[in-house]
Amino acid sequence: MAPQVWIVGENGEDIQEPKEFLPLSKLEDIGVLYWHLDPKKSESEEELAKIRKERGYSYMDLIEICPDKLENYEEKVKNFFREHMHADEEIRYCLEGSGYFDVRDKDDRWIRIWIREGDMIILPAGIYHRFTVDSANYAKLMRLFIGEPVWAALNRPQEDHPARQEYVKNVSGGTGFALAAH
Ligand SMILES: CSCCC(=O)C(=O)O
Ligand SMILES: [Fe+2]
């Protein structure tokens, strides 16, 4: 099952009634990759291993986002929801629970991606995004990275950052991401 994807407002509020769900191609256009694996099935372990190998994701850890499992919960959750980018890809695989990744589209609107158990997403370097848990208030996520992880969140604006400039070039270039996705 593909995740539900729709447009939300600046504070993450729904602004469409009824909600209009967007096709996954909308994510591809802005360089966001998506897979669904089943964390309870052994074939998924093979598929995960394959993705990790192909994309060079040598580093892996787990993060549980809930008040009693995450140190400095309030501060971390606040920072996750502040619009930011990274110099590298952000790779998250949802093992349990759920949450919302919001990413900016080409028109600078917030596209909300509802991630649930088994969903894996890759946000390209330089994309503005934010994260929040949903009403279930729990997400257990695997974090993957190429080499030594750098979690530094670079808050918007970052227009002079090389990763941002590269991202903007790929998005406006048309085919850049379509090729990267396959
Ligand atoms: C820990 S889930 C994702 C939040 C985020 O955008 C980040 O960690 O940079
Ligand atoms: Fe991030």
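Cβ atoms here come from the backbone N, Cα and C positions, even for glycine.
TrEMBL does not curate its annotations; it predicts them automatically.
Annotated features, as they stand in TrEMBL:
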BINDING   His84, His86, Glu90, His129  Ni(2+) binding site
BINDING   His84, His86, Glu90, His129  Fe(2+) binding site
Given the Ni(2+) site residues His84, His86, Glu90, His129, which other residues of that chain have a Cβ within 8 Å of the mean position of their Cβ atoms, reported in sequence order?
Met85, Leu123, Ile127, Tyr128, Arg130, Ala153, Leu154
Radius 10 Å, atoms counted are CB only; among the binding-site residues His84, His86, His129, which position scores highest?
His129
Would you mind listing, in sequence order, the residues at least six apart from Glu90 (Ni(2+) binding site) in the same chain with a Cβ closer than 8 Å to its Cβ?
Ile122, Leu123, His129
